[in-house]
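Read the structure below first, then the notes.
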Amino acid sequence: MVQKVDPFNVKALNNVAENVSRFDDSRAKLSLSEFRHFADLIFHHAGIRISPDKRTMLESRLNKRLLTLRIHSFKQYADYLKADMSGRELTEFTNAITTNKTEFFREAYHFEVLKKDIVARHRSDSVFIWSAACASGEEPYSIAMICDELQQEFPDFEGKVLATDIDTQRLAMCESGLYDKERASEIPIQFRHQYVTFSDNPNDDTFEVADVLRSQIKFRQHNLIHYSDKFGIQFHYIFLRNVLFYFPAATGEKVVRSLLSQLQPGGLIFVGLTETLNNMELGIEQVGTSVYRKVATKGRGDG
């Protein structure tokens, strides 16, 4: 319970400050050897390379797990992870490390490319779109808005979205369809009016995305470096944006090859605007900024 204090009671304020100081001092410190241990663990589990300059970030995020588990040192936490045969804590460990921020219609250029390509080639088709590493769901919901808009214009068109991420907590957020009210400004106004519902409760600071969007999306947990995990679908479009920089070059190329094996010839793969696939021989051609088309002829990227 938070201690209530009279703002003029200096003694009480000093007591609160002392308690805060004790709390800060009680945070476990991550040694270099412990950092290396956890960095190696996340690399082998998820393929993510954490550089030494991220040591403070890792310490901060893992301290939350220590607090939850009432563990007092990173040595104890490492032992706990090793002893947990269920794998549940490894999932929580991964969730804590992989959290990142995104937004609706991030890098909006890609959504314009998607829309134009669907209209040009697939406006009478059912298309399958994969949002890989979907984070907290803003990307797949943005895609679903584009697809639903097109379906209203072209009744024979249907868009189906698979949204995957390694982080189970973020997937739960995705499925809830609830986001902070302030995030609604990221959504173009024509979509906001159609797909966003605000609560009548003045104390509710969230909005909810429309059911019609959630019905278009399937959320699944997926580890990108489990290359043999396939969905039995040949996708028309794959979004793998702002993910590759987490991986060493060799791992990133393996991830891209795995995804391309599930992309139809002629299909598009999108990466982040600061990312490129031009340094890889993948049987693709660049057709826009960080947008690549899988060539129709069988090449090295097909399997």
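Yeah, the Cβs are placed from backbone N, Cα and C, and that goes for glycine too.
Remember, it's a predicted structure, so these values are computed and weren't measured experimentally.
Positions annotated as domain 'CheR-type methyltransferase' by TrEMBL: 23-297.
Residues or ranges marked as S-adenosyl-L-methionine binding site in TrEMBL: ASN100, THR102, ARG106, GLU139, ASP165, ASN223, LEU224, ARG241, ASN242. Secondary structure at LEU224 (S-adenosyl-L-methionine binding site), as computed by DSSP, is coil.
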Enumerate same-chain residues with a sequence separation of six or more from ASN242 (S-adenosyl-L-methionine binding site) and a Cβ-Cβ distance below 8 A; give 'none' if the list is empty.
-> THR102, ARG106, VAL271, GLY272, THR274, GLU275
Can you tell me the three-state DSSP label for ARG106 (S-adenosyl-L-methionine binding site)?
-> coil
